[in-house]
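Structure first, then comments.
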């Protein structure tokens, strides 16, 4: 220990060196001799000076006398002195980034209800700073408002109000608070100027984003109008069914040039093999494609399924192609015709189904039997009303 000598001078602290028969620890620490490190830390945490978390017991469930004494001291003095003390303690905790604890002390200071307006202003303003750090933006705004009621020229509160509104995506309110502080209170305040700059950048970003969305929406609308015009020009109708094939989601009817209704129409195509209960899907088929070209595409090539027994008639020369009419019947599609030629005819009226071409490929030898079983009423029932 350090001490003052007989002449009033300072004596340098001496290191404790145990002599023969002396305890290994100095007398001040002898009570910790037989305790583990965890037990020592727990014991020290009950001492206010070393306390890192609140422990209101004496270790055995009793009262922590030292802590209770400190609590009593906190409320000694005049109301403004007590409130000021809470404010100072809160400020220390705020500096240590212990925002929740600091907020609690500021709240205790306000609960004193002292009559010193400047202290109450600081307590509200400082608690607002804690709420801002804790992302409780609406509470921050409320406390700033209370502080500004006391002192309408508190620039920090305008800044915190602006920042809180900004975080809530309320740019108009954020800009209003910062602009008022800049124009009416402190034109040179760097925090306010920076906040105005941040708001301006955000406004520009949102404006650019909105303009882009409007352009894209207008472009989609223009493309939609062009596509509808192209289909009307070609006398094409579309019929929706109750249960569209999911694969149709992978294709979409479109114009080769989206902004030219006279350019080629491109269709997705559903190719049905009704006698086999199978189907194919082709994502894009030009309206200038002939029926024969589409048949060649799906039947020629190394398709093992058409080489199996019972499927030997699925070759381009041994099949017929049928398409469903608007009335629910069938037509035989000439293989030399383009789909443009077929779809534009007023009679028979062959529509698209779910915005896709739909053709039936049937072996010639099985075609009569399949046609005889075609049920017009069931075909109509498959469609949406």
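From the backbone N, Cα and C atoms, a Cβ is placed for every residue, glycine too.
Positions annotated as region 'Disordered' by Swiss-Prot: 1-37.
Note on the repeat 'TPR 1' (83-116): DSSP counts are 26 helix, 0 strand, 8 coil. Summarising the annotation, Swiss-Prot assigns repeat 'TPR 1' to 83-116.
Computed over the repeat 'TPR 2' (121-154), the whole-number mean pLDDT of the model equals 98. Residues or ranges marked as repeat 'TPR 2' by Swiss-Prot: 121-154.
Residue counts for the repeat 'TPR 3' (155-189) under DSSP, split into helix (H, G, I), strand (E, B) and coil, are 28 helix, 0 strand, 7 coil. Taken from Swiss-Prot, the feature repeat 'TPR 3' applies to 155-189.
Packing against the repeat 'TPR 2' (121-154) from elsewhere in the chain are residues 83, 86-87, 90-91, 94, 97, 99-100, 102-103, 106-107, 109-110, 160-161, 163-165, 167-168, 185: each is 6 or more residues past its ends and has a CB under 8 Å from a CB in it.
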